[in-house]
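Everything below concerns the one structure shown next.
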Amino acid sequence: PVPAMEEEDSESQLMYRIERPVYDEAFLRSQLLHHRLKSTTLWKRLLKHFQCSSEKAKATVLNFLPILKWLPSYPVKQYLFSDVVSGLSTGVVQLPQGLAYAMLAAVPPVYGLYSSFYPVMLYMFFGTSRHISIGTFAVISLMIGGVAMREAPDSMFYILDANGTNSSLILDKTARDTRRVQVAVVLTTLVGLIQLAFGLLRFGFVAIYLTEPLIRGFTTAASIHVCVSQLKYLLGVRTRRFSGPLSAIYSFTAVVGDITSTNVATVILGLVCLIVLYVIKDLNERFKKKLPIPIPGEMVIVIVSTGISYGLSLSSDYNVDVIGNIPTGLLPPTIPEFSLMPHLLADSFAVAIVGFSMGISLSKIFALKHGYSVDGNQELIALGLCNFISSFFQTFAITCSMSRSLVQESTGGKTQIAGLLSSIVVLLVIVAIGFVFQPLPQTALAAIIIVNLVGMFKQFKDISVLWRISKIELAIWLVAFVASVLLGLDYGLLVAITFALMTVIYRTQSPESAILGHIPGTGLHFDVEYEEAVEYEGIKIFHFSSPIYFANSDLYVTTLKEKVIPPLVSLLTKSSLVTAVKINLTEQSETSNTLSPNHILEENGNSQVEDALASDSGEGFGPVHSIILDWTLVCFIDSVGAKAIKQVQPHTQECICDR
């Protein structure tokens, strides 16, 4: 008997009965809640906020220089070897990417090396992420290149050929490149100032408005732009570079239209580099658990293609475009050409926001994976300082690279010491052996860029995933992609952000609403569309999943009346409906569950109501005596929403608002 009793007790369910009084707002404010007396004046609170102490100064310094937190306790034996391996591996990837992405930025290749050295050194001091690889990035480089092409087009730099017999025009590439470098440097200065200002003003939260579908759609479109821009280098076709709306279409059309002038040697070398690099990356992915470090495919391509180009004299004998002169050594700091700033302000905001969004999103992914935290505001400050200070040394804007960050993390990188070592690898090339890469074919760099975009092209899979999860997020992804492809990256980003904000308004203006019923034997309540959900007799529970404010207050009242009193929705006006609610909810408890048509006519005199009730055989509203408003998901109500609720509440016998 005892085991049987224990089994019966274990199967029984505990039931709880909770009774509590119902309070109104006036009672809460007058009887239960009283504000604390403020013991200090506003002036004293301001002085306390701005006063300096040793502890506060120390905390400020540690927050501004995160390296002071982790470097003194750096575990040399556990971390150093992993950081060295990771840094060298990342460096050999960063070197060819720096050269390649300089082509996207429309500046000479050596400036890509500068941009792969100075910012990486600075980020080690100011950044909070331990795993991202700061430096050149395809999307940002392409945005900079578009601005540089717009401000310094080829048409501005044609001069008369002094040696020509017919006074022909030639392109002054030296003057053009100098001007484009000035544009890129000034743009980088502005980007740094904007990011630094946002960080100091604690604007790190702005990243939340750049939702993941928006960023992924935008970067996928940027990959299309990058790939199209590299076709002419891969094929050896000399076409002009386009910028602005429809630039991707114009560029592709120009390449296809001049396809007959393709350089065969360039195409063969480029396709071989592309296939070999793709195979190497595939092998790295397949055997990443067995390989101690990934095979440096980019470095292999650079070394082998440079050797082939030098040995076969591809530039002179086969007209294959090569990088050309790479000056040795670092440039002295110079003041940017500030007169260009007014023309670049809007572009700098777009680059600053995209650069920070890419950096913070990847930082949070690695931080979550490895169990530490990153500070969004400090990341803004770090990126701002990296861009601003580095711009005086002739760099262009940077952010973190997805491919390099994965290399740095997968090869065992623990801290930004790995980033320091990768920058030293780049420095070695700049000051000592840069001349070795002068015969490097541009088609090899184009192959490196295109293969590194494979990961971004995989983001097209988001379409099927978002179709199942959220149609609105799918719409954001598609709008960001289409707008950025057709209008360009700057206008495309603006359109995408505007559309994403409009979806927020749409969601609050078209929220889900339902009449809830309880699941017998549980304390759960669900939409009565489920067959298990049963309504309480005489009670309607109305659920609304949005704040109630000026934009949807009328919708709330209308939906409430439609779901609670459906028979008269199509015929009653707003005033007559309130009257009907009043009659129904007050008379049912006194007389019967039917509604008198004559009484309605006495109160309202509406012939349409008379016809409706006559055709409805006098059945009325049904036995509803109480309405419960479920405000679980209502986070705020403004004055307009409160007035809308008052239109219904005073006329009901009992209206309970459940939060």
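Using the three backbone atoms N, Cα and C, a Cβ is placed for every residue, glycine included.
Here TrEMBL flags 99-126 (among others) as transmembrane segment. Long-range Cβ contacts of the transmembrane segment (99-126) within its own chain (Cβ-Cβ under 8 Å, at least 6 residues beyond either end) map to 64-67, 133-138, 141-142, 144-145, 148-149, 177, 180-181, 184, 226, 229-230, 233, 241, 302, 323, 326-327, 330-331, 378, 381-383, 385-387, 389-390, 393-396, 398, 416-417, 419-420, 422-423, 426-427, 429-430, 434, 437, 440, 442, 445-446, 448-449.
Listed as Cβ neighbours of the transmembrane segment (132-149) (distance under 8 Å, sequence separation of 6 or more from its ends, same chain) are residues 90, 94, 97-98, 101-102, 104-107, 112, 115-116, 119-120, 123, 180, 183-184, 187-188, 219, 222-223, 225-226, 229, 241-244, 247, 344, 347, 350-351, 354-355, 358-359, 362-363, 366, 386, 396-401, 404-405, 407-408, 419, 422, 449, 452-453, 488-490. TrEMBL lists 132-149 (among others) with the feature transmembrane segment.
The transmembrane segment annotation in TrEMBL covers 183-210 (among others).
The transmembrane segment annotation in TrEMBL covers 248-279 (among others).
The feature transmembrane segment is assigned by TrEMBL to 291-312 (among others).
Tertiary proximity for the transmembrane segment (349-368) is limited to same-chain residues at least six positions away from its ends with a CB under 8 Å from its CB atoms, namely 128-132, 134, 137, 139-140, 143-144, 187, 190-191, 194-195, 198, 204, 206-207, 210, 212, 215, 218-219, 374, 376, 379-380, 383, 387, 397-400, 402, 405, 409, 489-490, 493-494. Annotated transmembrane segment per TrEMBL: 349-368 (among others), in sequence order.
For the transmembrane segment (380-397), same-chain residues at least 6 beyond its ends with a Cβ under 8 Å from one of its own Cβ atoms are 64, 102, 105, 107, 111-112, 114-115, 118-119, 122-123, 126-128, 134, 136, 140-141, 144, 181, 184-189, 191-200, 203-204, 330-331, 333-336, 351, 355-356, 359. The transmembrane segment annotation in TrEMBL covers 380-397 (among others).
The feature transmembrane segment is assigned by TrEMBL to 417-437 (among others). Sequence-remote contacts of a segment are chain residues at least 6 beyond its ends whose Cβ falls under 8 Å from one of its Cβ atoms, and for the transmembrane segment (417-437) they are 74, 79-80, 82-84, 86-88, 90-92, 94-95, 98-99, 110, 113-114, 116-117, 120-121, 123-124, 133-134, 302, 306, 323, 326-330, 408.
Taken from TrEMBL, the feature transmembrane segment applies to 444-460 (among others).
For the transmembrane segment (475-506), same-chain residues at least 6 beyond its ends with a Cβ under 8 Å from one of its own Cβ atoms are 139, 142-143, 146, 209-211, 213-218, 220-222, 224-225, 243-249, 346-347, 350, 353-354, 462-463, 466, 551. Feature annotation from TrEMBL assigns transmembrane segment to 475-506 (among others).
Summarising the annotation, TrEMBL assigns domain 'STAS' to 529-659.
The list of residues near the transmembrane segment (248-279) in space but at least 6 beyond its ends in sequence, with Cβ under 8 angstroms from a Cβ of it, reads 224-225, 228-229, 231-242, 297-298, 300-301, 305, 308-309, 314, 318-321, 441, 443-444, 446-448, 450-451, 454, 485-486.
Remark: the transmembrane segment (291-312) makes no contact with the transmembrane segment (183-210), by the rule of 3 or more CB pairs under 8 A.
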